[in-house]
Amino acid sequence: MDKGARPNWDNPMQFVLACVSYAVGLGNVWRFPYLCQLHGGGGFLIPYLIMLFLEGVPLFYLELAIGQKMSLGSIGAWTAISPYLGGVGLASVVTSLYLCLYYNIINAWSFWYLFHSFQSVLPWADCPINSNRTGPIEECERATPTQYFFYRETLDISSSIEVNGGIHTGQALCLVLAWLITYLFIVRGVKSTGKVVYFTATFPYVVLFIYLIRGMTLHGAINGVKYMFTPKMEQLANPTTWINAATQIFFSLGLGFGSLIAFASYNQYNNNFERQAIIVSLINSGTSIFASIVTFAIYGFKATVNYENCLERTRLLLLNAFSLAEDSITMDTVFDWIEKLNTTYPQQFAEIADKLENCDLESELDTAVEGTGLAFIVYSEAIMNMPLSQLWSVLYFIMLLLLGMGSMLGNVTAIVTPLRDFKITSRMSNELLNGLVCLFCLLLGLGFTTPSGNYWFTMFNDYGATFSLLFIVLIEVITVSYIYGIKRFEKDIEDMLGHRPNWYWKIMWSVTSPVLLIALFIFYIINYIKGGTPTYQAWNKELPCMPMPSHCLHHVS
Amino acid sequence: MLEKILILLCLSSALAEQPCKPDASDGYKVRLSIKTALGDEAYVWNENEMFLFRATLAFAMRSHLNGQEFDVSNIIVCDETPRVTFWFVVTSPLNTSGLVDKGVVEEAIRMSRNRINSAFLLTDKTLEFIGITPTLTAPVNPDTPPWLIVFGVVMGAVGAGIIVVLVSPLVLKKRKKNEETDEDEEETGVKAVENGSTREGVYNMSFSDDERLTQM
């Protein structure tokens, strides 16, 4: 450590951009649109915005205040508040460690897809041909080419979490690259991170904007956007809607990991973090809404393309079965012809009745997908149908990478900053400590590149951090409100900002947020008890599947 | 009796003149999707096109079975539909009543599939021989997968970046050290010169022993 002087951000803008880069991550792109669709489209914005103001912004403000006041990482900061509470900081560090282990795998997958986009035909557009050259590979034919590319060529997935194999070298190489880039970004601590966030925070918006224009001009995009924005107000009566809104706000802002405390600890003492907290939270929510418009435009396009392909197949089936001239049936008249032929030639029609598909645009739009299935399967499918698909593919995966890398910066900083505060490690140079942390996470992360790696990833993602974070933040807000005392906290903030927080903040911290968090906590406990053992969905290459994304899976406990 | 024999003869001759029928054991069904393939530039299917088809098929048979001279008359077509599907059978030039075996016809078509397709500006998908699956083109396998090349470039750039970031402070430190030692040397050099010049010294009169003036 530089003899006593703590490094600082070069200017407050770097701090804001770092927070934005950390908070705006993959969840904004692949979780929020799913929730929106699940809970009645435009209507979901109401509980979402209410929860933003009831728990999101106050808790964000709280963490920034603690970090800036104590000027220490999470362990040191909580120990300073009360010596018995160092465990809260330690819990944050451990949770961040879990996150670091598995989060960079997503970046590795993004790299894999990005590098594979530099081909004349995107590899997930067609099924590869089998060894006899008689047709496509069976597994690919039963699923779709995009699913085959993700589950077989990218992951080489096994049939269950127990079945294992060697490391997938391509994945391992991409993971090494992801960790090298992470190391490059954080190697000098705040000095290097501060410069990187100018890019990682702003470029995704450029890509999202380009995609907005591209998405809106796609054929059939309007169907998707209309579908999203027609609110289904009856969903508001469903308690799950409100719980999902609260959970989404909570996890989207990245509370409880210690990253916000770490970032704020590098601030100047008198930095106006109140305004910054509000700005960053609003930007985060705004980005979620913006990203979901883009996602729904893409959904609409994909659904329309699938629907029209279905109509085309039906048309061909009718033409071939009844030997009619090619231009007698067009896509618009398919349904009329089905009725006509059914009445005039019932026996012949009955013969092909089982091959006849039910083409429905609504049901295509209804397929709500989240997570890696959305990002790597649904989006890839939509991109391969666009003209100049390589360009769009490259842009899209660069955006995913920047979002993921931005969040990784926060995650690793959350681990390194508290470690630096200990005497043993403060003698080590910045570069060495950061390198050791990255190396450690890389070696453990290689486990996710094995054939059963995706199942481990799902386990970590679904069960690793969610519950503990709720607990950590609950303890945090109760500590500050009642153990440390709101009055002392007020004075500290007045010391830093020059004015006391007004009644809104105080009520949120002392009453509303703890109550909401306790409610969420109880809900999760009940869910766990009802749910039994944790489950995951497994890929079975034998079973024939329905042509819907991520449905070629069956539940395994 | 005679009438029965006559009827039988008529029937058999009639049958002999119609070797082509739907679901013939040695025949194939062909389906063309001209409008799908060519859209606005689609040509109309008429007698001339059918003649071209028969000629192309005769060409395919000739190419496959080198000795035998197949002619347009050896390709018999029937059961045409508005969809543009029809059945065809191939008679042998040596024995006009005998049909060429299904397997031989299939091999001939497979061999010249490309030529047949291009005669009609169609592809394997739009000119279908029901029962003959097209052989798909072998996948192109480059020596180095293209993704590895891009990966190598990015990895090289990142590696260079890390080395630069790690080495530059050391280089700066060294440069600073060199500058400091240079300054020290200059100072000592100047002092040495000064010392050298004071060797001669200026004789200070006040400390000289002036015996003439003071004697204690």
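From the backbone N, Cα and C atoms, a Cβ is placed for every residue, glycine too.
Where the annotation comes from TrEMBL, it is an automatic prediction and has not been curated.
Owing to the predicted nature of the structure, the values given are computational and were not obtained by experimental measurement.
Residues A:Ala23, A:Val24, A:Asn28, A:Ser252, A:Leu403, A:Ser407 are recorded by TrEMBL as Na(+) binders, and the candidate that the same record lists for that site, out of A:Asn284, A:Asn358, A:Asn454, is A:Asn284.
Sequence-distant contacts (6 or more apart, same chain, Cβ under 8 Å) of A:Asn284 (Na(+) binding site) comprise A:Val20, A:Ala23, A:Val24, A:Asn28, A:Ser252, A:Leu253. Tallying C-beta pairs under 8 angstroms between the transmembrane segment (A:44-62) and each of A:12-32, A:165-186, A:242-266, A:278-299, A:394-419 places A:242-266 first. Of the listed binding-site residues, namely A:Ala23, A:Val24, A:Leu403, the sparsest CB environment within 10 A is found at A:Ala23. Under the criterion of 3 or more C-beta pairs below 8 Å, with sequence separation of 6 or more, the transmembrane segment (A:507-526) and the transmembrane segment (A:242-266) qualify as touching.
Proximity of the transmembrane segment (A:394-419) to the transmembrane segment (A:165-186) is established through 3 or more Cβ-Cβ distances under 8 Å for residue pairs spaced 6 or more apart. Only sequence-distant pairs (6 or more apart) were considered; of these, at least three Cβ pairs between the transmembrane segment (A:83-105) and the transmembrane segment (A:431-451) are under 8 A, so the stretches are in contact. Panel annotation: around the transmembrane segment (A:165-186), residues 104-105, 107-109, 111-112, 115, 154-156, 158, 192-193, 196, 200, 405, 408-409, 412-413, 416, 434-435, 438-439, 441-442, 445-446, 448-453 of the same chain, lying at least six beyond its termini, place a Cβ under 8 Å from a Cβ of the stretch.
Here the transmembrane segment (A:12-32) has long-range neighbours at 106, 193-195, 197-198, 200-202, 204, 248, 251-254, 259-260, 263-264, 266-268, 271-272, 276, 279-281, 283-284, 287-289, 291-292, 295, 370-372, 374-375, 400, 403-404, 406-407, 409-410, meaning same-chain residues at least 6 beyond its ends whose C-beta is under 8 angstroms from one of its own. Listed in chain order, the extra residues whose Cβ falls within 8 Å of the Cβ center of the Na(+) site residues A:Ala23, A:Val24, A:Asn28, A:Ser252, A:Asn284, A:Leu403, A:Ser407 are A:Val20, A:Tyr22, A:Gly25, A:Leu26, A:Gly27, A:Leu253, A:Gly254, A:Thr287, A:Ser288, A:Gly406.
Remote same-chain partners of the transmembrane segment (A:198-222), defined as residues 6 or more beyond its termini with a Cβ less than 8 Å from a stretch Cβ, comprise 14, 17-18, 20-21, 24, 185, 287, 290-291, 293-294, 297-298, 300-301, 303-305, 386, 392, 395-396, 398-399, 402-403, 405-406, 409.
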